[in-house]
Structures are given as structure tokens and as C-alpha cells.
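Chemist: Got a structure for you, written out below as C-alpha cells; questions coming shortly.
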Amino acid sequence: MNKARSNPLNTVMMHGALILYTLIALFPVFVILINSFKTRKAIFREPLALPDADSFSTIGYETVMKQGDFFLYFQNSMVVTVASLFFVLLFGAMAAYALSEYRFRGNMLMGLYLALGIMIPIRIGTVAILEMMVATGLVNTLWALILVYTAQGLPLAVFILSEFMRQVSDDLKNAGRIDGLSEYTIFFRLVLPLVRPAMATVAVFNMIPIWNDLWFPLILAPAEETKTLTLGSQVFIGQFVTDWNAVLSALSMAILPVLILYVIFSRQLIRGITSGAVK
Amino acid sequence: MASITLKDLVKAYGDTEVLHHVEGEISDGEFIVVVGPSGCGKSTLLRMVAGLETVTSGTICIGDKVVNQLEPADRDIAMVFQNYALYPHMSVRENMAYGLKIRKISKDEIARRVEEAADILELRPYLERKPRQLSGGQRQRVAMGRAIVRNPQVFLFDEPLSNLDAKLRVQMRLEIRKLQQRLGVTSIYVTHDQVEAMTLGDRLMVLNGGYVEQFGTPIELYDRPATTFVAGFIGSPAMNFLPATVSAGMATLGNGARLANAGAANGAVTLGIRPEHLLQDDAGPVRVTVELVEQLGANSLLHGKLEGTDIEMVVSQPGHMSAAAGTVMGFVPANGALHLFHAETGKRIEP
């Protein structure tokens, strides 16, 4: 290996910088976590202190559990996020494949049209969306949210994935065609595994805004049985009094699933699976 | 196994015609090499036979069947690609078996055929590996294996050796030839390398700019090239071309030198002499001003110019030889080694 590259000083500095960045990034999460286990007084007296025998309290978690159906909110958030991601990835990848693989009239225009969605925030259309949902009777169902988030995620997904799919070797697809694979098999068995890192990127990009969104749940599905976690947590934030214990506890619990999903997808991000496909 | 017939084959992208009325009869079990410079349409031709490109007009028959409208999978062909195109996430065994699995062939039969192909190609130790764990030559063999197990009527090769290093290429070339003779499958092989073409093919189809320049055995192409293009493309180093005028069987070169036995032509011609057909003779009519000598061991290549002109010439002499730059050496063409081509059209003039 190159001498300059294995220089221990460089290694130490590099790791130092990365560790520092990690600490800064994780600090807010850490503060939320420790404070969620403290009494209300302790939170305000010493926000950065670790909970000790005196200040330790699970009152926040107890409130969260008692108040409202938190597991249902959890479940709703999970269903909406996972279903939206599934549809974004499925339809996004299919559209991207069609745009990158087939030459047809209006291919270019179609690509531009689909990419346009990246530039126009979907919230501009909230009123129209609400009217549409009312007309179709989807208000206060999880489907309303899933459909909106799928629409919101598709432009970026198509944009990123079509770029990656263009890089999948033509010879590989042709080899599949000669082997007798149908276009669907080529798409699912050859192309998708090769663009897995890109799919993971798209998934991570889409997942966090969906999980954290307050706007659409508030407008389209505010009913008790369709509340998402973010919307559910709002009951603790009042205009005059905020139950910080409960808010922090709810947030701590909300971090967990998104963290798990992220770990699943990010493993795919790291893997460079294409090596060995072609020279 | 089957014959292939190409009839009046045309390929056009929009208004641009890239293949012009290609004709060819390929008999059962023959090894055909399509050769030409890059961009001459040879890959397009192969992909049309494979069914990966549509046919603009004309017909392609495999066996007795017109296959113009058939999907690649229904043409009973197998193709080996330049980049191997192995499925990266499948092991060698799965790569070879996948096409058979799609065709719903029984598990035992698949296993038998894969093992057989692995034995032929000496891939047995690597069956469970992924393509990325193999070297270039091994990947190439896996790609061949994937073609063999299908037991197709036709093999198509699209420059399969161009990603390998020189030594491996020579070795694989022999292996491909042996394999094809053993299996007796009709094959079309595309390459830009004329040495590969000469050594592999039963017959060669030389393409230039979408036109078939000549279609014949390697020796025919070498001995009686139909055009200056074929003459310059086949054989290494390339043939020397000298403008000359012919009258009454005597050719007069640009510098006034005169050559006998120039055949029945008359007027302006292009005279072709292969570097290996010039024999050293101090009194010879072809006088070359030496610029550089390349020693290859078995023979020596003498680069220079025809004396008194700017025409580049190469002479190949057996054994070792040295000459200082600037010396003038005389050569005489071997008997019957003169090729005459029409000065304008480049077409061969039979002696």
C-alpha cells in the first residue's frame, strides 16, 4: 500500500474527524433519550445531566402508554411508511426501467414530465388532494396517505433509478433475452438485484420525510384510528402547557423503528454488487 | 444444427442504412467469421441474426425457418458476449443452468448437462463460485458453458476474446475452434482482429461500411483478394499498394521502375505486393530506401519508402537482417505474387 495513505497520523486525524462528526450528529438523539428518563423538574434543572437515582423516572413513558392508543399510532406510521416505500420502489423502478431500456416516442418528454415532480412541492396541491380524497371517500384512511406519499416519492425515485439502470450492461439483458427470460423476469431477476444500492438510497431518502410528516396526516387522516405517530405525539404539545416527559418519550420510541429500517437499507448501500458482472 | 441463409439483408436506423443488401449462405456446422473495422456493421449483423435488432428488409433463415419475427429465445441460438454478460449474483452453476431452468427442463437433465459442460471447459472446481471470483479467461469459459448447455442450433460470438490478454487470447482461440469442431455447431463469430479471423474461420465474411467486400475461405481471401480493402485488411503486415501504369504486361511504378508479368490490365492500376512476397535481389526492380528495421526473431520487418517517392513500404524477410537507415535495397516480387486492382474502384483485375 502507498506509504502516504497508511500514515498513522492521517488515519488518526481521519478517524478523529469522523468520530467528532458522529458525536455531533448523535448528540440531540442522546439528549432526547436521557431526558425521556428524567422527571420534569430534572429536565429543566440540568438538561444535559444523566438520569441518576434521584431524577430517574419513567413517568413520560407511562403517560404515553396511558394516553391514546400509542401502539395503533405506531402501527399506522409503520404501515404507511412501509407500504409507501414499497409502491415508490416498485413503480419507480418499473418506470425507470421502461424509460432507460425502451426507445419509444415521447420517451424524453415522459422522463422530463416525471422529473418535474422533484421541483414542484406536492403540498401546493393540498386543497385539490383533499377534495379528491373526499370525493373518492378515502379521507381518514391510511390509503389516502399511502397514495399521496407514493406520488410524492416517485419523481426522485424514477430520476435516480433510471440513471442507475442505464448503467446495467445491455449485454447482460440481451443474454437474458437469449436465455429465454421474459421482460419481467429480466427486470426482477437481473436488473433489480444490480440496482439494489440505488433502491436503498431511494428508500432512505423517502422513508424519513414520510415517517416524520405531520402535514398530510393532519389534513387527510386525523381520525383517531388512522393517526400516525407524529400526529399522535401532538396531543402532548399544547399551546400553554407541554408535557415534555411524554413528548420526549414518544420521540424516543419513534426513533427506534426508523433506525431499524435505516440499518436494513444502509447495508445494501454499502454493497457494490455489480463487480464481476462485466469486466 | 442448421444452415443459415441471409437474403438481401438491410438494416437502417431512420434514413441511415448501415447494412446494405447482405447475402450469405452458411452451411450446417460451418464456422463463419465476420470481420471488419469497427463501425462496419458486423455486430449489427450478428445481433440481427440473434434477434436483438429488428430486420429492416430481407430475410434470415435458420434451418428452413424464416426467423425475422421470432424472439431471440425462440431461435434456438446461444450467444457469447464481449463482456461475458454473466449474471453477477448467481454462481457459475446457476449461470449455466438458468437458461435451462427457464425452459422447464428437468432438474436431473440440467445437472447432467452442466456437469458435462463443466468437464469440457475444465470448470468443475469453480462451479460454486460467483463470476467476480473468477479470472477473465474463466469468465469467458463460463460464458461458453452457458452457450453449450443449451445445445443450440447456432452459436453466435460477439468479439469474445477482445477483453483477454494476448497470450490467453491465443489459447482461447484454439479452445473455441476445438470445441466448435467437436460439437459441430454452426457458428458465426464477429471480430475486428484479422489473425483471429484467419485462424478460426472456415470462411470469412469481410465487411466494410456495411457492404460485404468478400466472402470466402481464408486462403482465397489471402491469395485472391477481391478489393484493395480486403487485400489491405487480410494479412499482417498489410499489403503494399503502389500506383502504377500497365501496358503490354509491363507495369511502370511511380519512380519509373518497371515490373514484368503484370497481366492483362491496361492503364492506371494499383499494384499490390505482400511484404512477404518481396525477395531480396540487389538487381531487383523494386528499390526501397530503408528507414527502420524491426527484428522479430523469426523474420525481420523492413520499413521504408519506395526509392524516390513518398510511398510507404514494408518488406518481410525471413531470419535476421539489419540495414542502416538510408540504404537502398533491391527486391523482386515472387512469381505470381502481384495483385492488380482497378485504380479507381479498387476491384481486383484478374491476371
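Using the three backbone atoms N, Cα and C, a Cβ is placed for every residue, glycine included.
For reference, TrEMBL lists these features for the protein:
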- A:74-265: domain 'ABC transmembrane type-1' (DOMAIN)
- A:12-34: transmembrane segment (TRANSMEM)
- A:78-99: transmembrane segment (TRANSMEM)
- A:111-130: transmembrane segment (TRANSMEM)
- A:142-165: transmembrane segment (TRANSMEM)
- A:186-208: transmembrane segment (TRANSMEM)
- A:246-265: transmembrane segment (TRANSMEM)
Chemist: Near the transmembrane segment (A:12-34), which residues from the same chain, at least 6 beyond its ends, have a CB less than 8 A from one of its CBs?
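Modeler: Result: 47-51, 248, 251-252, 255.
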Chemist: In the same chain, which residue numbers or ranges, 6 or more beyond the ends of the transmembrane segment (A:246-265), come under 8 angstroms Cβ to Cβ?
Modeler: 29, 32-33, 35-36, 43, 60-61, 63-64, 67, 70, 74, 77-78, 81, 200, 203-204, 207-208, 211, 229-230, 232-233, 236-237
Chemist: Who are the long-range neighbours of the transmembrane segment (A:111-130) in its own chain, taking Cβ under 8 Å and residues 6 or more past its ends?
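Modeler: Same-chain residues near the transmembrane segment (A:111-130) but 6 or more away: 95, 99, 139, 148, 151-152, 154-156, 158-159, 162, 215-216, 219-220.
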